[in-house]
Each structure stands twice: as structure tokens, then as C-alpha cells.
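Per TrEMBL, these features apply:
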type     : residues  : note
TRANSMEM : D:12-30   : transmembrane segment
TRANSMEM : D:42-65   : transmembrane segment
TRANSMEM : D:71-87   : transmembrane segment
TRANSMEM : D:94-116  : transmembrane segment
TRANSMEM : D:122-142 : transmembrane segment
TRANSMEM : D:163-183 : transmembrane segment
TRANSMEM : D:215-234 : transmembrane segment
TRANSMEM : D:246-266 : transmembrane segment
TRANSMEM : D:286-311 : transmembrane segment
Amino acid sequence: MYKLNKVDKKFPGVHALKAVDFTIGRGEIVGLVGENGAGKSTLMKVIYGAYQPDGGTITIDGTAVRFANPRQAMAHGIGMVFQEQSLITNLTVMENIFLGFEKQFVKFGVIDWKAMAEAARRQLAKVKLDIDPATVTSNLSFAQRQLVELAKVLTLEERIDGDLVILLDEPTSVLAREEVELLFRLVRELTSRASFIFVSHRMDEVLELSDRIYVMKDGAVVDVVTHDEANIDKIQHKMVGRDVDKEYYREQLQKPYDAERVLVGFDKVSVPGKYSDVSFDLHPGEVLCLVGTEGSGRECILRTIFGLEKPSAGTVRMKGGVQTTFKARRAVENGVGYVPRERKVEGIVGGMNVYENMTLSQMKNYASGGILRIREEKELARKWVDRLAIKTPSVFKDCGGLSGGNQQKVVLAKWRSGGSDIILLDHPTRGLDIGAKEDVYDMIREMCDAGAGIILVADTLEEAIGLSHTILVLKDGEVQKSFRGEPGNKPSLFDLVHYMT
Amino acid sequence: MSFIKKHIEQEKLNRRNFLFASAAGLGSFAAAGMFGPGMARAAITDPTIAWSYRNRTNPYWNEIVSGGEAFVQSLGMSKDALTHLINEGSSEKALADVKALLARTNGQLALAIDTNDAPNCRPVVEAVAEAGGYVSTIWNKTDDLHPWDFGDNYVSHMTWSDEKPAEETARILLEAMGGKGGVVHLGGIASNNPAIERLQGLRNALVDYPDVELLAAEPADWDTQKANQVMSGFLTRFGDEITGVHCANDTIAYGVIEALRAEGIEDMPIVSYDGNPQAVQLVAERKILATVFTNPHWGGGITASLAYHAATGAFKPSEEPNEHREFYGPTIMVTPEDAAEFKASYLDSVPSYDWADFWGPTNGQIQYK
Amino acid sequence: MSLDRIKPHLPWITLLVLVAIVGGADSNFLKPHNLISMVADIMPLFIMALGMTFAIYIGGIDLSAQSVANMTTVIATVALPTLGISAAVVCVVAGLAFGMVSGFITTRLLVPSFVSTLAVGGVAYSLAQYLSGQRALYMDATLRDGSFGWMVGKSFGIPHEIFVGGVLLLAMLFLQTRTTFGRALKAVGAGELAAVASGLNVTRIKVMAFALSGMLAAIAGLLFSVKLSGGSPTLANGFLLPAIVAVLVGGTPLTGGVGGVVNTLIGTLIVAVIRSSMLYFEIDATMQQMVFGIILIAAIAMTIDRSKLRIVK
Amino acid sequence: MNGILKREALVKWAPLIVLLVLILLFTVLEPRFFSVRNLARIAISSTPALMVALGVTFIIIMGSIDLSMEGTVSVTAVVFAFAFLALGGTVLSWAWLALPLAILVGAVVGFINGLVHVKLRIPSFMASLAMGFVGTGFALLLTGGDRIRVEDEVFRGLLTERWLGFPVMVYVAALFLLIGWFIQAKTTLGRNFYAVGGGEELAHASGLNVNRVRILGFTLAGMFYAVGALMAVGRIGIAETATGNNFMFMSITSVVVGGTALWGGIGGVWNTLVGVLIVNVIGNGMVVIGLPGYVQDAVLGLLVIVAVVLSTDRKSISFVK
């Protein structure tokens, strides 16, 4: 029913889509995979009307269409569920659901809130969400918000006669496993009313959910596989254009850590409302993974170590010294490096170039009396650009313009070059393509070899299991269980999930 | 004696003075001619005439401008020939504009200016003198700066001694109050010289009225809306204790009248200052008991005229006595009795002044305390 | 692509175009003497704008600058007889202190700088009124020349104000581009969260930015006071909006992290040229303000580099 | 959860508590402060400011800012006065048409302001600042610097006519406050302001025509400025270029003091009402208790900071600029 024929899209200097053919049938779930920069997001934007193609045609049930903006695409039944937090948090759930389409509830210029609430309740019922539509969105959990998103897109059902095509852009990235399963169940049920295009970096999820999978590389569709013939290795091969290392998580490189020394010691540490009585030791060469759902206290523990959160009870030791002042600057002096989840806003400073970003945390090493030794900064940056194979035309390039993987490398280089040996990684591979992920995994092993201790909040449970020496499972701010994870003797997914929920 | 008669008397006197003055002026012109052009750039044949003032939103400055334009027209030019520099209350802009104009005119400039803040007067005068232009100032000038220290280029400074007239209006007010009760004063921008003098005038008068209490004095920044709010506050604070209001100028009085009107108070004795047409009308209606007319129209014209005639060499400032270089401007009290007469002769039809009669209506040399 | 390359240069191209237009209309404008004098006169405003740049660079604003300058004109005049040249130190310290208070209120008490600086400005204005006894004061000429004559003299035909402004510009340029503080400032402006996550003491950096703004406002007031040989609590009135306009026209948008002190120099000169152009084109007095606004819209539309603005609010 | 609710409630009511505390404070210092007559005085001085502040509230909710109010108020006041006098000079003649005309002029000025901001892609701070210059300049051009007196007894009844101790203009202002609330709470446009302020890109992606909302917002603000101008003229009886003076900083300060966040999405017309009252209570109270003029700026500044500090939800913001 929905069909793209030889769609082309060019940007200055980039041929983003090259004669892409794409079809989706009624009630079908189509997966869309590809590395970052392969053209997935451009393709999606073309589909939901944010971009207009330069060449090719789009047809719905054989009729050619052209969308000048997302609103026109919506009128043809095409809706988009955005990646995380695309609801406006200061509005109520019902306002979000009907944003831009309030007209139906307006009588004589007045919004009939009761009618809107009623309609919103009907939408929420479709996604089996039982909340008051007048709830302010900021009070919802991430999983709830994701469902509200879906409910919002499903309003298209009432608005238009034809079939729906719903794009799901990384809908699972903020969800815990059981929430993902709930979402998938829902999507499958909804195929009676809509077709879905499912975009995710989590290959296993794509395989699990999709009827067919489009594989993109360099702006072109390189393969289309059906659910039954799909196979992770094969798809990844197509995406990357080469074989992916069997030892994805570099388990063979995992070495025992130095149990004698302790880099970070938590002894019954509590932050009110966030976590309580958390104890662990981080040793040189160790990867310690914090596992738990959103809100289980993982992030807050990282923030405590980095000095952004002051615990109310317990003692925090760093390299033997008991910490009394909790300041980020102090933590950095102690050798803590923080690789935040929101790479674009917290990791790098867009608008500053590569060397400026790399020395940001350690300017005093490159300054005498407050005056920067810029030449040395550049030397450092060139060295690390080579060492981590950062793809950038020069060290003067604005980091905001680098790809996600290269940005992450700059962030890691920032801490590693400054000699940090307590590295906090918050979703370090989020949104990275396979090649870049592998680079990150390599770097984690390398840092361990160099004697650094790593605290990891992983993007997926597999990643957590594959990478860590130690896994702490948290739930509601309390440590439920600690697992050891020597190669060959790792806990299973089931083990973890059991304690998470 | 009504003020009109007084004024006519004065005019007669002045005419006599003028004859002396013009004779002296011609004499000096001739003298300058004899010594030739090398001595000083005494004569600029066609100087640009400019007025630099605060803004166009205040009727006072509009009167000043009308005088400047009248003078320019008296020279046979269109009134557009007057260049306007508006500083919007910024000393910095006032100075920058003057310098830009000096550059544009190569110093062929006859400038009349209120420099906005007293300290700004020195750099303005210095800039004009350096460029060979001629400047006459009004109102704002620091006490250590004198025209005679700049040869011919700083032609004159005129200000108005407000203390005495303000004292006189205060006496009218205090009499109207029956010599007892409470009075409030709403002043101008606190650091402005006229604001200080006008308050002092009230204080001087109060000495003779021991039964009247000065309840409060607050700055209202020459601003109608601010005055309105301050007066509202006074009404709460003092209520019926207020039996009279002394305003530092007319625009303040408008705000006060409206604040009183909002409370249904129509008969409060009020005096003000400046003699704006609207205020004169209110005086005639006895809503204001007295205002002081400083004849800004004449002031605007004569200040430009002084600078112009000095520039063209019609007279030589340095040969004039000090009282012709620093002097007080005219002040005329307007009371309900003579308001109609005053309005007819000054406002309804603007008298055509003799713009070469520089010092006629003036009030003597400036005295420093 | 070529347009992208031109964008960063638009501010000074705009300036040159304006100078050419005014100069073309009246060649008197282009006389070196006039240009130098124009630049010298704009220096106090420039110095205030220079400080304002730092506040705007981190995404804030400093509405106290004018009041602080007013205050220092009074302090300088009052303190000159007893302290001599040390009066300058008192002024600078006072400006620094007021700026720090603004910064503290903004960063620690989480009051938006638009309001906090306005409020602190109120305090400075009150202090100025109190110190001056609510009247205009003047400096003794010999005392002024003895202590501060060097600020307003002339060497090689160039007024010393230009040197004062130039030295400050170079110092601030050095601070902005070559020091850890400048780098930190850029990081805070362009990506505050990333700066926090890099362990920078963002609060301190912001407080220092406001302190710098206060200090430069104080120096602007001091220079103006010396130039005018006096002080009053209203002397620097009319500085604030042109100073903000100068920073914005120079291409430092309110979103922070873009632009810098050189942009502010260009912006200040654009303001000066537009202002003079009113005289050269003999714009009618009642029309000047409207024309200024329209030219301003055109100039800002020309100079801002929208590619650096994610969304236009 | 309970704790969070309590905190939210406290923050929500904080501006009102600040207002009540201030009233109490001034009443203790000077009992006459709390009299109907004085409250009426505060109400009178608040009405024009409230109208202007309401207008800018919508803009601030969108996360933008508008600094053009001084110009807009002056232009509308002057156009109103000219039209009013030209059409007969009393509300009882065709001159009443000048009232809707003024609001129309305000809408046009606001519309242009919005166009400059949206179409030329100039941040609202700069666009509106420059448009403010244009507005004041245009008013000056129209008047040539003269003041226009509006003497009509019926129109001035806004000030002189009293019901229950308060002049008519206070009731008119209350009516427009309700209209503002209606727009904010009951209309699509009002809700869209919150959407734009909460997340412009997201709103756009949801199919909202953000540019249209913005332009309409500035237009609406212009209309409220016009009402403010009418109130100001009604209060003083004079329309002039300076009618708009001092509205800019005061109205934005009031909005912030009332608890509307400058980064958008939070707050509303009731907050603005409280904010305007706080600022005017402080202004009136300082005079009433007899604070010397030269310390008033400082005291106002300090009290404003205290008010903002108390009414800010510190947990909800990560950083403030």
C-alpha cells in the first residue's frame, strides 16, 4: 500500500538517499536497520514529510503523493513515534495527544476539556494505559510516556479513512526489558489497524518484531530479509560491509582485576529518594556494571561519584581517602572521568573544536598561570585522534559536526588523556552503530589493561553481561544481587531480569 | 502691578540696553575686521545652527525648539535649517552627536545646547572650542566652568534661578493653605540642579510659616506617571494631613491633579513651575494656583541667536562683560488673576521677539554659592 | 557553501558598508580626525559593551551595567580629592563586587539574570544617589589632571581613550582566547551541561563573567567621569540599551557561546556609525528614533549567524 | 509522593504568600496602608501595568521575550488620542470607535513585531527591542513631541467613576484579566503557547504551526499592550510619546516575580496578576511608610530578588541564565 520508488535525496556534499525502494503492506511490521549515517533517519523524514525527496515518487495505494510538511503526511495516515521524550512535559497527557488537532474539541472558540479527556481516554485504552488524561506529562514514567506517544499517533485512526503507517524510532531505548515486551505485544495487536516501521539499534529486537527487515548502507537499501530468513550475523555483515567480530564484547580480552587495591569504595551510601545502603568496591582493571530499570538509582550513583550529588549517609572512599566534599572538580582531581548519556549536550560542547573539548576537563595541565599552551593542546589532540582513529578533518573541527561515534571517542579521549582512572560510562554505546560500538568495547578493555576501573551503565543487558567483571542489580535504589562475571561463567539474562523486577 | 505691566517696563529698559549692546557689537565687529582674519576665526559666514536637547516628549523642550526655529526663520531661512540633536537623556549621546556635527560642518557651527548633565558641559564646550565653533549653553553647567575662560567660542551660559520664584509660588501656596496644615513636595530628577533649587525655594518660604509642616519631599523625575504614583502614596501616608502640594514642574502637577481627581479631591491648592500652555490653562481654571513661566520659546531662540551672532562675528563675546556671558533667564509668575492676559500675549499668539536683543529680558549675572 | 563562509564576516562587512554609505554621502565623515574622534567618544560605551559581552556570552544579560557606571562616576568624583588615583581602584573593586553579587544571585539563588541584574542595578543606583547627595558633582581640574589626565590626553593625535579601550580589548581578547577562564566561558556558553560534566566549576565561571561585566561597567563609568570631569547618579544614563545593541549587532546572540569581544568592537562601531549617519543624512529629529530602529533590524538581520542558533526564540 | 505534592503546592502558592506577607508587613508599619482607598490606589497604578504584563506573559510562556511594549503602548495611546479627538472627542459620539481602533493598532504593531521575529529569523529579544525603538519613534513622529489631552468626562470615568470604592478601570482590567485567563485556559491558541514553550521542536513535529502560534502570540500581546495604553491614558488623561515609558522592565519583572519562568512553559495570567500586585504594593508601600526616595530603588531590587527566590521551584530547573 505505501511505496517509495527510487527516492533520492541530496544535501550539499552528501547523497543521503540513493534510489531507495521501500514498500510496506497493510498490517506489516517492517524493520529498518543500518549504521549511523546509513540514511535511516533521512528516509524516515522523507516518509513522514519532514523532508521532500529530490527524485523518485511516493505512492499510497498506487496514488502519487507529496508531503510539504509532517501535517500533510499525517493527513495520509503516516505518523511518527519519536525517540524518547518527544512529549511536551509541561502539558497534560490529553493535550499532548491532541496537540495540533484541538479543533475537534473547540466550540465557539472554547476547548471542551471534558470531551477531550473522554477522547484521550479512548486513545489511552488502545495502548492499555490507565492514567488520568489530565495528568501533567512530567509526572509519568518513561515507559508510560512511550505509550502515550503511541496513543497519540493512533489518533490518526479516527482522523483519516485510509490505513495507518506508524514509524517507531528507537522506541525501546529508554525501556526496560519487560516494558519492551509490553510494547511489542501491543504493536503486534495493533497490526490489525496499522502498519509499523520499526527502527532500532537493538538488532535482537528488530529481528524479534519485524516481518521484513530493510538493511541500509551508505544511503541505499542493500538487503531486504524476511523474518524467517533473518540472522543477526548476516544482517550485521550487510550493514557494516564486513564480518563482525564474533567476540563482540571482547570477552577474550577480559582479564582479572587487581583485587588488592580499591579505587572507589562505597560503604552503605544513601541519597534520600534515590538509593540507599549501597556498598561496593571498584578495583583497577575492573568493569563494574550497574543494572536496573530507569529510576533504580543507577544514574544517581554515578552522579555521587562524580560529586554532583551529596550522600546523606555512608562513606565514599576514593583511592583510600574518605570523601567529604562532593564537587565535580574534586572528583576530576581524584581521577574520575564521566561519559554521560546525553552525549550531544553533556558529553561534548558543540561549537568547540576537537582540542578544546579534549582538554576541557584538564585545562590546568595545559596552562601556566591560567594561560593556555594551545600548541600542546593541539599536539595532544592530534595524538589521540590518531590513537583512537577519530574521523575528523582536523583538530579544529567543531565537535558538534562529528558523528556520534567520533564524539564519544573525543569524550573518552578527554578523560583518558587526562589520566583519569575511574571512568564512569553512562550508556556509552547508545545510538552508536556497530563499528563505533566495537571501538568503544575495545577502548573499555584497553582502559582496564591500563589499570583503570570502570563503572558502566550499559545500553543493553547483553552489553552489561558481556563487558563486566561484576554486576550489581539495583531495584528501587537498593542492591538486589551482585554477580561475578568471569569469561565463560557469566550470568544469564534471565538471572538479571529476575532481580530487576 | 500686574506682571504684564512689569514686563513692559522691563522691555523698555531693555531696549535701551540693546542699543548699547548693538553699538558695542558693531564696534567689535569693525575691530575684528581691522585685525584681519589671522587673529581669530571670528567670522563664519554661514554657520550651521543646531539645538541639542533632551527629548521631544516634554512640552518644555518643544517650546525651546519652537524658539530656535523662530530664530532661524527670522534669518530668512526655512525652519528645517535648524539641526536637531536629541540626546534622549544620554550625556554620552549628547557629546557624540556634537562631535559628529562638528566634523560634518568643519567647525562651522553655532550650537545651542543643554548638555543633559552638568559634568557633560565641559567636554562639549571644549570640543566646540577646539573645532572653532561657537556654543551657548543653558541649564546644566558645573560651577567651575565659565565662558570667559574660552575666549569667544563659549559664547554664553543662561540658567534660571529657580530658588526665588519657587519661593514665591510657595508663598502663594502657603497663603492659600491659610498658613497651616501640611505640604508635600514632588521634585524633579533628584540630582538635577533646578530640582534642588525649587525644593530649596519651598523650604525658604516655610521658614515664615511655622504652622505648616513639610510632610515629605520625593523625586518624581519630571514625569507625569511617576508623579501620579508618588502622589497616590502620599495620599495614603498622610491622608487629610495634606493641604497643599508643591510641584517642581508642570508635568508633575498634571500627575498630581489626576491622582487627586481619582480620589474626588478637586480643590487642593497646587503650585508648579515652567508655565506650559496646559498648565497656564489650569492656572486660569484655578486648578493650579501659580506657575512660573521661564519663557522657553525666548530661551530657545536667544540661545541659538547668541551662538549664531558670535559665530558670524556680529558681536565679540570676549569683549562683553561677564554679566553678558553668564546670566539668569527671565521668570514670570503666572497666577489665576493674570493667566488669561498672559495666555493671550504669550501663548495664543507668540510674540515676535527681537532676536538681536540678547540680554534684554535677562535677570543679571549668575551668582555662585 | 560560499554564504556559509561569508557569514562569520558579516558584522565587519556590514560596518564597512555603513561607513562607505555615510562616507559616500559626505566625505567629511571619512576624515581621519573625525573617525578617530568618533571612536574615542564611543569608548566608554564600548567598554561597557565589552563587559556586557561576557554576560551575554554565557547566555545571560547584565542590566545593572548602567547603574554601576553611574555609581562609579559618583565614586570617582567623591573619592578623587582624598584618594587620588586610588579612586580608580575603589571604582574597579566596587564594580567587581556588584557584578559578583549579581552573579551570585543568578547562579546560587537561581534568579534569572534579567531580573537579578536589574535589582542589583537598583541598589547601585540608590548608592549613587546617596553618595552624591543627589546632585551633580564636578572634579577639581588640577586634581583630575594629576590623577587621571593620562586617560583623556592625546598622543600622536590619538586620544588616550582609544588606548584605554584598546588595552582593555586586547586584555579581554587574551582572556577570551588564551586563558583557561576564556575557554571555560566558551564551554559554559555553548554547552553548560557538558561543562558541568567535565568537572568545571560552572557557578564560579558564571559569577566571574558577571564580575567582569560589572568591573568593565565600572571602568566605563570611570572613564566617562574623567572625560566629563564630574559625576552624577544619572551621568551614564542612556548607555544600557546601546551597549546591549552593540553586543547583539556585533554577532554575539543571546543564546551564548558564539561571538566575542572583537564582535563587540565591531558592533559598537556600527552603533556609532548609525548614530552619526542620522546627522549626515539630516534625518528629521522626530524621525531619528524610528529610523534607528529600522536600521537596527536590518543590521541584526544581516549580522546574526543563524546557523549557530538551533531554534529562534 | 506526598512530599513532592507539598513542595509543588508550596511553590505554586509562593508568590501569593509573598504578596500577603508584603501587605501584612506594610500594614504593620503603617496601618493606613490597608485601607480601601489605598488599595484602590494600588489597583489604579496596577491596571495599565497589569494589561501590559498580561500581554508579555503569553510571549514569555512561549519561551520568547518581548521588549517592544514601550513603543507599542506609546503608538497605540497616541493613535487613540488623535482618532478620539478627530471623531468627536467623547465616547458618546463616533469617537468610541477609537477604542477598538487602538486595539487594532496594537494588534498590527504586534503582528509586525512577530513577523520581523519569525520571518527574518531574528531572536525575539533583538527583534522586539528594535521594534520598540521603531514604535516609540513612530509615536514621536505622529505627535512631534506634543502631548494630547483626552478630557472627555465619560472616558475619564474610567478613573473618576467608582463602584464599591474602586474606579471603573479596575473592573475593566479585571474583565481583560478574565479574557486573558480564558485565552490561556480555554482556547487552542492559549494551550499552544504552552506547547511551544514546553518544546518548540516537539510541537513542530506534532504538526503544530509554530510560526503561526508565535506571530499570533505577538499580535495578542500587542492587543493587550493597547488595552494597557488605554488604561494609561484613562489614568492620566494625556497621550504622549512617553506614555509607554518604564513599562518594559517593570512588566517583565512583574511576570518573573509572579512565578512565570523566563524559559517558557510555566506560569500564567494569575501569576502575572500576583506579580504585578507585588511590584506595585512594594512601590506604594515604600512611599506610604516614608522610605527616602534614594533608597527606594535598592529596596525594590532587594524585595524583588527575595520574591523571585521564594517563588522559584528550584528542584525543577537545572540551570539559570
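In case you wondered, yes, glycine gets a Cβ from its N, Cα and C as well.
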Non-local residues, at least 6 beyond the ends, that sit with Cβ under 8 Å of the transmembrane segment (D:286-311): 11, 14-15, 17-18, 22, 26, 29-30, 32-33, 38, 253, 256-259, 278-279
Between the transmembrane segment (D:71-87) and the transmembrane segment (D:12-30), are there at least three Cβ pairs closer than 8 Å, leaving out pairs fewer than 6 positions apart? no
Counting only residues 6 or more past its boundaries, what in the same chain has a CB within less than 8 Å of a CB in the transmembrane segment (D:122-142)? 59, 64-72, 74-75, 77-79, 82, 109, 112-113, 116, 218, 240-241, 243-244, 248
Mind checking which residues reach the transmembrane segment (D:12-30)? Cβ under 8 Å, same chain, six or more beyond either end. 257-259, 271, 274-275, 277-278, 281-282, 285, 288-290, 303, 306-307, 310-311
Residues of the same chain, at least six outside the transmembrane segment (D:215-234), with any C-beta under 8 angstroms of its C-beta? 47-52, 54-56, 58-59, 62, 64, 66, 69, 72-74, 76-77, 80-81, 99, 102-111, 113-115, 117-118, 128, 150, 155-156, 158-159, 169, 172-173, 176, 180, 183, 189, 193, 196, 243-244, 247
Name the range, of those listed as D:42-65, D:94-116, D:246-266, that has the largest tally of Cβ pairs under 8 Å with the transmembrane segment (D:163-183). D:42-65
For the transmembrane segment (D:246-266), could you work out the same-chain residues 6 or more beyond its ends whose Cβ comes under 8 Å from its Cβ atoms? 11-12, 14-15, 18, 48-49, 52-53, 56-57, 60-65, 67, 69-70, 73, 132, 194, 196-199, 228, 272-276, 278-279, 304, 307-308, 311-313, 317
